[in-house]
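All remarks here apply to the structure that follows.
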Amino acid sequence: MTLRRALIGMTLLAVLGDSLLMPFYPQYFAERFGELRSEQVGLYLAAVCLVAMLALPLWVRLSRHAHPLRLLIFGQLMAGLLALACAAIEQQWLFWPVSLTMIAFKASYLLMYPYVMGLVGADQQVRTIGLLSVVVHLGAIAGATLGGGVLHYLSPARMFVLMGLMDFVQMAVSLLLLRHAPQPTRVDASTPPRPREEHLAIARLCLLMLAFYFCIYLARPFFTLYWEQLGGPQASWITGLVYAIPGMLALLALALHYHAGRHLTAWLLLGAAGLALQGIEQMPLVLAGRVLFGWALYQLTVALDARLFALSRPEHYGRDYSLINIFQNLGVLAASWLAGLVVRDAGLAAPFFLSALGLVLTAYVLRWLLVSAPVSASLCGAKS
């Protein structure tokens, strides 16, 4: 097994661990702490996103002085120990600081993404980005399924025990890989300063990512409730399969080696059409919209991630990726907060139409936010 494949496998394990509890925090808070207020659960999820967003730049700064795998070893060791501590905590006031500290250490695994991209050649970057996208989808689907089983058959505390074990496995694999892992490309005194145009291009991409992630996450939090309201099959695994359709489309696209990253405007409009179809309260149209949205989502995600690495340089991958990650998470935070208000005031279907409108507006401003990649534009071939 090559180093790249091992690191991608570790990414799958990390996403799997992170996804165990994510769909089930309301049930966990209710069973573990007797907390039934949805606003408390929503506030906690926002705090999780905020901590991860703020922690990554700190890990990137540390990676300038230490190998990413060394940082991952330390980060996952601490995350695993704190996960075991969370399993024993029965007071909500103590759970918050301990679990959020665990999230900060877990964020160290995000260093693997720019590190892996620095290991592959320019001709393999789009393929690797597509593979990582599928890994994230599969990890999230498998994690949610496994988490539901653990929550149903075992005590809620066992969820954190399983998360801790996965952290320790990542730590062990990192120890084995460290001996043969090359050093990442670093900025040195001989590296010329970045031109102003390059900074502006990254800044514009940050704004585009913020808008894109806001739109796609706005319709996500209440999809399962929406599907059940339509009278769809009530079995949780069927609801999970419908929810996972975009991930299945990502897997299909990878299997077909299909990366049509050109003409992003068309993909944004296709995604908007898929979202609008999901807002029409008919199950066949929801399923059709889910397929269209999933196909467009995969193409857009791969193309935009490839755009980042086309605009950036290997020695700046970590810093630029952490900056992009901040704006992505800002979009997710804003979408999560607004989705609850929209559902409360306008119903479960409203977020789909609002998301569709957002993607249409994003397509309209794309020509001002997307600039030509100076070095490797062919990586994603994105055109407005």
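From the backbone N, Cα and C atoms, a Cβ is placed for every residue, glycine too.
Just so you know, TrEMBL annotations are computer predictions that nobody has curated.
The transmembrane segment annotation in TrEMBL covers 41-59 (among others).
Residues annotated as transmembrane segment in TrEMBL: 71-89 (among others).
Residues or ranges marked as transmembrane segment in TrEMBL: 95-116 (among others).
Under the heading transmembrane segment, TrEMBL lists 128-154 (among others).
As annotated by TrEMBL, transmembrane segment applies to 160-178 (among others). Same-chain neighbours of the transmembrane segment (160-178): 3, 6-7, 9-10, 13-14, 16-17, 20-21, 67, 69-70, 72-73, 76-77, 79-81, 83-84, 86-87, 106, 109, 146, 150, counting only residues six or more beyond its ends whose CB sits under 8 Å from a CB of the stretch.
The feature transmembrane segment is assigned by TrEMBL to 199-223 (among others). Long-range neighbours of the transmembrane segment (199-223) within the same chain, counting only residues 6 or more positions beyond its ends whose Cβ lies under 8 Å from a Cβ of the stretch, are 243, 271, 275, 278, 297, 300, 304, 307-308, 311-312, 320, 323-324, 326-332, 334-336, 338-340, 342-343, 348, 351-352, 354-355, 358-359, 361-362, 365-366, 368-371, 373-374.
For 235-256 (among others), the entry in TrEMBL reads transmembrane segment.
Same-chain neighbours of the transmembrane segment (263-280): 216, 219, 286, 288-297, 299-300, 303-304, 349-353, 355-357, 359-360, 362-363, 366, 370, 382-384, counting only residues six or more beyond its ends whose CB sits under 8 Å from a CB of the stretch. Per TrEMBL, transmembrane segment is recorded for 263-280 (among others).
Residues or ranges marked as transmembrane segment in TrEMBL: 323-343 (among others). Outside the transmembrane segment (323-343) by six or more residues, the chain places 38, 42, 45-46, 49-50, 52-53, 56-57, 110, 202, 205-207, 209-215, 217-222, 308, 350-351, 354 with a CB less than 8 A from a CB of the stretch.
With a cut-off of 8 Å between Cβ atoms, the residues of this chain six or more beyond the transmembrane segment (349-370) that come close are 204-205, 207-208, 211-212, 214-216, 218-219, 222, 226, 264-265, 268-269, 271-273, 275-276, 278-281, 289, 307, 339, 342-343, 382, 384. As annotated by TrEMBL, transmembrane segment applies to 349-370 (among others).
Same-chain residues lying 6+ beyond the ends of the transmembrane segment (41-59) with a Cβ under 8 Å from its Cβ atoms: 25-26, 29, 35, 71, 75, 96, 100, 103-108, 110-111, 319, 322-323, 325-326, 329-330, 332-333, 336-337, 340.
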